[in-house]
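Below is one structure, written out as C-alpha cells; comments come after it.
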Amino acid sequence: DKQLDADVSPKPTIFLPSIAETKLQKAGTYLCLLEKFFPDVIKIHWQEKKSNTILGSQEGNTMKTNDTYMKFSWLTVPEKSLDKEHRCIVRHENNKNGVDQEIIFPPIKTDVITMDPKDNCSKDANDTLLLQLTNTSAYYMYLLLLLKSVVYFAIITCCLLRRTAFCCNGEKS
C-alpha cells in the first residue's frame, strides 16, 4: 500500500440536471464526481435532505488516475422530487475528522417564466440594427481618415521633392 503525504480525501464536483432533460424526460439526473482520493475503497449513497431513507442510485467503476482514484455516482429523480434538496453521502477513510462527507445538491426550479416573444424580438432587432449601423459608421470613418492620411502624405512628399529639386540646381540653401 502506498501512502500519500497530501490531502487524499475525495474532492467532489457536482453536476445538476439540464433544463432540456427536465422538460423532455420529466426527470433530472444529479451527478457527483469524486476525484483525487486514496485508497480506492469508498462508499457512496444518496438521500433527500431531511430523510434518512437511502435512494436508489448508480455508480461508475473506481478508476485509477496517476497515484489517486476517481469515481462517479448519479441519482435520477422524478420531476416531483426536483424541488427537494438531495445529499450525496461519501464515506472514505481519509475524510476530515473521519466524518462522512455530505455534498448538497440544491433543488431545481422547474417553473419556467414565459415572456412575450414579440416584445423581446423587436428589442433584439433594434439592438442588432443599432450595432450594425455603429460598426458601419466606424468602418467608413476609419476609411476616410486613412484616405486623408494618404493624401496628406502625397502632398508633403511632392513639396519635399520639389524643394530638393529646386535646391539641387546649383544653389545651396
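In case you wondered, yes, glycine gets a Cβ from its N, Cα and C as well.
What Swiss-Prot says about this one:
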type	residues	note
DOMAIN	10-104	domain 'Ig-like'
DISULFID	Cys32-Cys88	disulfide bond
CARBOHYD	Asn66	N-linked glycosylation site
CARBOHYD	Asn120	N-linked glycosylation site
CARBOHYD	Asn126	N-linked glycosylation site
CARBOHYD	Asn135	N-linked glycosylation site
TRANSMEM	139-161	transmembrane segment
Spatial neighbours, same chain, of Cys32 (disulfide bond) - Cβ under 8 Å, 6+ residues apart: Pro12, Thr13, Ile14, Phe15, Ile44, Phe72, Ser73, Trp74, Cys88, Val90, Ile103, Phe105
For the domain 'Ig-like' (10-104), residues assigned helix / strand / coil by DSSP: 12 helix, 50 strand, 33 coil
Cα separation, Asn66 (N-linked glycosylation site) to Asn135 (N-linked glycosylation site) (Å, whole number): 51
Packing count at Asn126 (N-linked glycosylation site) (other Cβ atoms within 10 Å of its Cβ): 10
Protein Cβ atoms within 10 Å of Cys88 (disulfide bond), excluding its own: 23
Lowest local Cβ density (other Cβ within 10 Å) among glycosylation sites: Asn66, Asn135: Asn66
Asn66 (N-linked glycosylation site) and Asn126 (N-linked glycosylation site), distance between Cα atoms, whole Å: 54
For the domain 'Ig-like' (10-104), the mean pLDDT of the predicted model: 91
Collapsed DSSP category at Asn135 (N-linked glycosylation site): helix
